[in-house]
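Chemist: If you scroll down you'll find the structure; I have some questions about it.
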Amino acid sequence: MIERIWSGESPLWRLLLPLSWLYGLVSGLIRLCYKLGLKRAWRAPVPVVVVGNLTAGGNGKTPVVIWLVEQLQQRGVRVGVVSRGYGGKAESYPLLLSDDTTTAQAGDEPVLIYQRTGAPVAVSPVRSDAVKAILTQHPDMQIIVTDDGLQHYRLARDVEVVVIDGVRRFGNGWWLPAGPMRERAGRLKTVDTVIVNGGVPRSGEIPMHLAPGQAVNLRTGTRCDIAKLTHVVAMAGIGHPPRFFATLKMCGVNPEKCVPLADHQSLTHSDVCALLNSGQTLVMTEKDAVKCRAFAEDNWWYLPVDARFAGHEPEQLLAKLISLASGE
């Protein structure tokens, strides 16, 4: 229902307009206060890169963060990652992730980023505290990437990168809750880089797509061609589950059942087992896998995806970040 409202297909969005106006007024005033200096942002002693969204829901932001971190690491840059830690609840903040940190403590995305990149990752509702935690433990850090946080103006940033779903784009264009917007589309004029996931990019936007890899078994780490799996039940607890289901079909998999879950939904062994009948194979997103690996069964698999770019624009972005990290 919410997708139909945000896309404008349902007229119910009009009933939510008063709340959207209030949301837009409050968020606009907050940004204006920081812009005019009425509120002061904390500036880190190293460059900060924000990778965020203008809309709620899945846009492909986390794969972009992972790509960015890996590319910087390959070029010898010491990079850390901070996040709000949505869906997690730590005993205390800031929380610096370790191999023992769970998604219940830190949230899905931070654990996924930590496991994929090995970079120092810290979470806190106050992102500046997360940055300080990383710099205390890793004083030689050269640059910080913040996963989400475009609207977290308490943390000063040197580069802003926005990721857009190229198919859904901005829906009906209204602020939450009548539409999907955290900020209006005009905000794009003030950011450094706009990356478009799928669809047709517009002038000045960098095209990107998510490329699936081989299926990975949660228990053994064994890899295989996803199309070889049979009697598949697909599960996705991400911002936009239909994208994952469409990816499976593109890979030649026709699931017997598709189960969309809420983003950041907690899962137990019994919850997941209840989705399957005897002889069926479960395929989930990598983001779900970080929650399920501890209690996985032999027939549970996940499909990793990686951000892929074409053209010279990504190299220009990386060159800019390397220059900042080097203090040039």
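These residue numbers are counts, starting from 1, taken along the chain as shown.
Every residue, even glycine, has its Cβ placed from backbone N, Cα and C.
Since the structure is predicted, the reported quantities are computational estimates derived from the model, not experimental observations.
Got these off Swiss-Prot a minute ago, pasting:
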| type | residues | note |
| --- | --- | --- |
| BINDING | T55, A56, G57, G58, N59, G60, K61, T62 | ATP binding site |
Chemist: Just checking, which of G57, G58, G60 (binding-site residues) has the fewest C-beta atoms within 10 Å of its C-beta?
Modeler: G57
Chemist: At a 10 Å cut-off from the C-beta of N59 (ATP binding site), count the other C-beta atoms across all protein chains.
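Modeler: Its Cβ has 27 other Cβ atoms within 10 Å.
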Chemist: Identify, in sequence order, the residues in the chain of T55 (ATP binding site) that are 6 or more apart from it along the sequence and have a CB within less than 8 Å of its CB; answer 'none' if there are none.
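Modeler: Expected: I164, D165, R168, F170, G171, P180, M181, R182.
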Chemist: Are there any residues at least 6 positions away along the chain from A56 (ATP binding site) with a Cβ closer than 8 Å to its Cβ? List them or say none.
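Modeler: A56 (ATP binding site) has long-range Cβ partners L176, P180, R182, G239.
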Chemist: Within 10 Å of the Cβ of T62 (ATP binding site), how many other Cβ atoms can you find? Include all protein chains, please.
Modeler: 26
Chemist: Counting across all protein chains shown, how many other Cβ atoms sit within 10 Å of the Cβ of K61 (ATP binding site)?
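Modeler: Excluding its own Cβ, the number within 10 Å is 24.
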